[in-house]
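Worksheet: the structure to be examined is printed underneath.
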Amino acid sequence: MGSLKKEGEMEQIGDEFTEAILYVNGVRRVLPDGLAHMTLLEYLRGLGLTGTKLGCGEGGCGACTVMVSNYDRTSNKCIHYAVNACLAPLYSVEGMHVISIEGVGHRKHGLHPLQESLASSHGSQCGFCTPGFVMSMYALLRSNKTPPSEEEIEESLAGNLCRCTGYRPIVDAFRVFAKTNDALYSGLSSLSLQDGSSICPSTGKPCSCGDGRFQPISYSDTDGAKYTEKELIFPPELLLRKLAPLKLRGDGGMIWYRPVRLQYLLHLKAKHPEAKLLVGNTEVGIEMRLKRLQYQVLICVGQVPELNTVNVNDNGVEIGSALRLSELLKLFRKVVKERPAHETSACKAFIEQLKWFAGTQIRNVASVGGNICTASPISDLNPLWMASRAEFKIINCYGDVRSVRARDFFSGYRKVDMESNEILLSVLIPWTRPLEYVKEFKQAHRREDDIAIVNGGMRVFLEERGGELFVSEAIVAFGGVAPVTLRARKTEEFLIGKSWSKGLLQDALKVIQSDVLIDEDAPGGMVEFRKSLVLSFFFKFFLWVTHHLRDVKQALETFPPSYTSAVQSFARPCRAGRQDYETVRQGTAVGLPEVHLSARMQVTGEAEYTDDTPVPPNTLHAALVLSKMPHARIISIDDSESKSSPGFAGLFLAKDVPADNKIGPVVADEELFATDVVTCVGQVIGVVVADTHENAKAAAGKVEVEYEELPAILSIKEAIATKSFHPNTEKMLKKGDVEICFQSGQCDRIIEGEVQMGSQEHFYMEPHGSLVWTSDGGNEVHMISSTQDPHRHQLYVSHVLGLPMSKVVCKTKRIGGGFGGKETRSAFIAAAASVPSYLLNRPVKLILDRDVDMMISGHRHSFVGKYKVGFTNEGKVLAYDLEIYNNGGNSLDLSQAVLEIAMFNSDNVYEIPHVRIRGNVCFTNYPSNTAFRGFGGPQGMLITENWIQRIAAELDRSPEEIKEKNFQVEGSITHYSQTLQHCTLHQLWKELKLSCNFLKARRDVDEFNSHNRWKKRGVAMVPTKFGVSFTKTFMNQAGALVHVYTDGTVLVTHGGVEMGQGLHTKVAQVAASAFNIPLSSVFVSETSTDKVPNASPTAASLSSDMYGAAVLDACEQIKARMDPVASKLSFNSFAELASACYFQRIDLSAHGFYIVPDVGFDWISGKGDPFRYYTYGAAFAEVEIDTLTGDFHTRTVDIKLDLGYSLNPAIDIGQIEGAFVQGLGWVALEEVKWGDAAHKWIKPGNLVTCGPGNYKIPSINDIPFNFNVSLLKGNPNSKGIHSSKAVGEPPFFLASSVLFAIKDAVKAARAEVGLGSEWFPLDTPATPERIRMACFDEFTCPFVSSDFCPELSV
């Protein structure tokens, strides 16, 4: 890190001296000079405060959230707000108090009520995101004088992502702190019922949130002691401390200035005209980290009083350019309440736009001026500044001030009308006048915390003449359609002077169509969608103004009542959910809804992950040298510049690998480090090690590789056309004879079609990482890795180093999510780090940055399925012929097995007499795709559900009727010859249909659609059948080690990995019940290859079954040894029995082992039982779409799953909800975009969706409004541990109910233009682009035909 000055040394600036200080969790810290390059996150983690996590490094996931408190001298009060520590420069919080998760609560000293609530509500699974959620909520409570509303709570969490839980338990945990009843917070006893229970402050119904666990929380500006007994107060020193300027330095000659007077800022700007001005660093930080731009001089202007002024007067609102966006939002909300309604039309537009602008943490630090001067062509606010007649005041270094109209300020791509010696001083927004209307627009992939695809700001000022309204002024501005925020000038000119009427609307739409032109190869793609949004936004604006004019001019020509849906604003309802299950207790713990064993550690940030592991001082950090070409021959590698990079310790290439450079989980078709040819962008060429992570990345970036480009295959279609398949991957399954059936005349109808579906990024919150070190003079190699398969890490490292496996140990305590992505693709990370560690005999840590992780580690496989289906006029399916292809990428990895599972699941739940399925794995020049929750099953089932829908359309019947007519039954034989036993499908389906009241839901949706032209609702029900086991027979084995100690406690070690799914908790429950002891007496240790050898990966939803049974086997062995002692004497406790056995020299340790019986499949004969049993489920979904924009909301979801007798229903419910929401992302939100023929604006073979900025997983706003989950009761599973069933993967596919509900809504929209009976495809993910373009109407027809399908990377 380095320091250019001694700690505490003072820097003289003018007449003032200042010592840079910071309080962290109440502890005073002096900040040394030389750290201007460092973020707050790096500093905190350097102090050992590792509860604050690095999830993405770009402020997009919230894992790094902390609370900052500082004394605002303008308002004379302490303010508290959440920030992203990964973006906040360390010196930006100088003189402030930073509270991280460690300062909120601790297991040893007591948890904060927030932490206790989250843990007990099952709101933490993998736990990596948990500290960020706690800190966002904590900051909200500390900043509110009164308890927040539920809407405020959800708004505060918009900048936090979770990949595990599905958000529902997090919302439930925090909503108990919402205010709906004043009595709770005033301590009135009327809230206690006669039976002693309490009234929930959120629901108003009896609950347990007042049972003593959670106490009312009061507000205090500074004195934290009033807040709770353990709250950290705002340091008195900071209250008295005078704000002073700073000049500090950083690596590479960087200089950091913090002026506190405008005069000094102007002086600095004159001295350093090239300097970057910043407040929150939300743009500059991204440029420096992701774009690797270097800025030598940074000036933090957030503390300059003249730039933070707010002046509300009769002319309007004048806002200082450094005012933060969260403060701007508060200001506008305040003036809207205080000023006449007609004056605040622009303010209201800003309020609505700011609600969807980034996350709370970003809004808390991002400034008005920063957003303006960045001049982003997709800025959400710049179109509104232009539309609202805003004026920008600009001051130069000499103090001269000039004004520029916002509409004239943006001159080009990232260029503004401002000289290098000028800065933006303030912004003036005039009040709107009577008959003047301003409206905001935005459409993004995801509503919350997402950049716009297209946005807009529009204004009209009308004048009444002769009983008519005429347009006097008009501004129509758009973002996302040009390199600069664009005014539709021809449209504005056309509108002025015209009478406000329906005719004007139609004519204006024609003008705007030719006014706003988007090039076909425009960056960002989605050209047709963006063009249609321009028309849709203007249409919405015209209707919105007309709707408001009815109050002042009732005789105005109006639109049909059904058109009102186009302008109705979205009102976020309070989310509700129901979890219904039976508790079948077995012994002391099995069957109980116990809290995740690590929950209390996770909510306090004490749970350790790979990157949190303390490292020795001589540890090196690694960064990978990656290919920049999709297919090329390596001509030369030049490391001369890299060697001179600061901290450089070595570059290691293929020639340096001690043993074998070839690796692979099934076939050794990968190279650890590329030798002669690279076959994808992101292929590893070598590894650089240096003294710090940043220095390693910088050095790796300086390695120059010269290439000779070769032809690349960049899609499944290209692979099929060129017959580019991985060797020996062609597979076939047959049942009956499809050809004879098709030709026999039995089929009344035959349909053919194609289904394609995109891939999906795992987006586990913890990136890939390994820490590798040698011991005993380099004779042994040890590692701690974030992996689902420690055995494979051990195997790879021993293989590339040439060591026996007995000398290599891999340990994994827990991982921050995996979902299949850390089953095989994590192993090469460890192997790459092991080479320099072994050769240099030093510890090496390799943690991937999020963008690198997403680019190189593989995704869910994209698929193409070509089907031919024969059926009767009654809807009975007779024959199914399928050609199915998946995109394997540049190595085989697990793609063959994924294809096989897709083929097995291609019947879903349907009885089909004649089936032929042929599959192949495509070789393409992309990083190898890999395992992902469902492992190909969802893709196979989705193809089937698509043609089921098509059959329904062909026969004009409901899809549900077609499904029911073809359901499999008890004793059905699948196309791979397995007989269905204990099939609960019909019971599930019937119960779900009743619980969701499907027929009424269908009628209600039809009624809604008949009264709303521009919003449509849809419903769907989807079943699933998911086979459980590894389809490779040898993998169906598990081992465990159990020790009983003389104090009666039990230590369990097994081969499975805890990744948030609650595996350790369930295993501990099994052990506790086996010994009839409390769960608290069982501890599950880290997974380690030197404790349990040769373990299969934690995958296939099978781990609870296998490892639970292995642990039970070990426990039974120990119990059998203890029984003779127990039978002779009576013991008061298990501890007494254990101690007695010890004195009798009885072995209290046992190795358990379990083999999954009766599984196996022969691909040559096409027969066998690949699965131990099936998990059945079904889901109902209702959605509402905006047909003009493609935006949608999931209104209701009902899920029913058969899990036998659940080992832990609370954990299983969490798995169901998490899988469903992850599946929702796959079917409707998450689009992976590669540089291919479909996306020519992306460099070939490159991934553009490589971070949360471009890749959108579901946020808290995307979960269903009503989210109900129930478990089938009274159906034990005789083939599972304690009669339970697997849960991890089966619910994932049920999210397709949302996809088909969307399609149902789109069908209603198409019916409005006479296309209701016409079949149409809807590829996944059904993003707003695909939804909108499928809703064919007058705003899309100028650009596309009714069968248009947006491009998709497959």
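Yeah, the Cβs are placed from backbone N, Cα and C, and that goes for glycine too.
Curation plays no part in TrEMBL annotations; they are all automatic predictions.
The domain '2Fe-2S ferredoxin-type' annotation in TrEMBL covers 18-104.
A C-beta separation below 8 Å, combined with a sequence spacing of at least six in one chain, links Cys61 ([2Fe-2S] cluster 1 binding site) to Gly55, Cys129, Gly132, Asn160, Leu161, Met765, Pro1252. Annotation comment: TrEMBL describes Cys56, Cys61, Cys64, Cys86 as [2Fe-2S] cluster 1 binding site.
Taken from TrEMBL, the feature [2Fe-2S] cluster 2 binding site covers Cys126, Cys129, Cys162, Cys164. For Cys129 ([2Fe-2S] cluster 2 binding site), the count of additional Cβ atoms within 10 Å of its Cβ stands at 29 [all protein chains shown].
According to TrEMBL, the domain 'FAD-binding PCMH-type' annotation covers 249-434.
What TrEMBL records for 277-284, Phe357, 367-371, Asp380, Leu424, Lys442 is FAD binding site. Cβ contacts within 10 Å of Gly280 (FAD binding site), excluding its own Cβ and spanning all protein chains shown: 28.
For Phe819 (Mo-molybdopterin binding site), the count of additional Cβ atoms within 10 Å of its Cβ stands at 30 [all protein chains shown]. Summarising the annotation, TrEMBL assigns Mo-molybdopterin binding site to Gln788, Phe819, Arg933, Ala1100.
Taken from TrEMBL, the feature substrate binding site covers Glu823, Phe935, Thr1031.
For Glu1289 (active site, proton acceptor), the same-chain residues 6+ apart in sequence whose C-beta sits under 8 angstroms from its C-beta are Arg933, Gly934, Phe935, Gly937, Phe1026, Ala1100, Ser1101, Ala1219. Annotation comment: TrEMBL describes Glu1289 as active site, proton acceptor.
Nearest neighbour of Gly280 (FAD binding site) by Cα distance, taken over the binding-site residues Cys64, Cys126, Cys162, Gln788, Phe819: Cys64. Mean per-residue pLDDT, taken over the domain 'FAD-binding PCMH-type' (249-434), amounts to 95. Long-range Cβ proximity for Glu823 (substrate binding site), meaning a same-chain Cβ under 8 A and a gap of 6 or more residues, is found for Thr787, Gln788, Asp789, Arg792, Leu894, Thr930, Ala931, Pro1097, Thr1098, Ala1099. The Mo-molybdopterin site is defined by Gln788, Phe819, Arg933, Ala1100, and by the 8 Å test on Cβ atoms against their centroid, the other residues of the chain that qualify are Gly818, Gly820, Gly821, Glu823, Ala931, Phe932, Phe935, Thr1098, Ala1099, Ser1101, Gly1288, Glu1289. Across the domain '2Fe-2S ferredoxin-type' (18-104), the DSSP tally of helix, strand and coil residues reads 14 helix, 30 strand, 43 coil. Close to Leu277 (FAD binding site) in the fold, though at least 6 residues off in sequence, lie Lys269, Ile299, Val301, Gly369, Gly370, Cys373, Ile423, each with a CB less than 8 Å from its CB. Looking only at the binding-site residues Cys56, Cys64, Cys162, Ala1100, the densest Cβ neighbourhood within 10 Å occurs at Cys162. Looking only at the binding-site residues Gly370, Gln788, the densest Cβ neighbourhood within 10 Å occurs at Gln788. Note: the Cα of Glu283 (FAD binding site) and the Cα of Cys86 ([2Fe-2S] cluster 1 binding site) are spaced 12 Å from each other. Each residue contributes its Cα atom, and for Cys162 ([2Fe-2S] cluster 2 binding site) and Cys56 ([2Fe-2S] cluster 1 binding site) these two points are 13 Å apart. It is Thr1031, among the binding-site residues Ser367, Thr1031, whose Cβ has the fewest other Cβ atoms within 10 Å in the structure shown. If you compare Cα positions, Thr1031 (substrate binding site) sits closest to Cys126 out of the binding-site residues Cys64, Cys126, Leu424. Candidates Cys64, Cys86, Ser367, Phe819 (binding-site residues) were compared with Cys164 ([2Fe-2S] cluster 2 binding site); those inside 10 Å Cα-Cα are Phe819.
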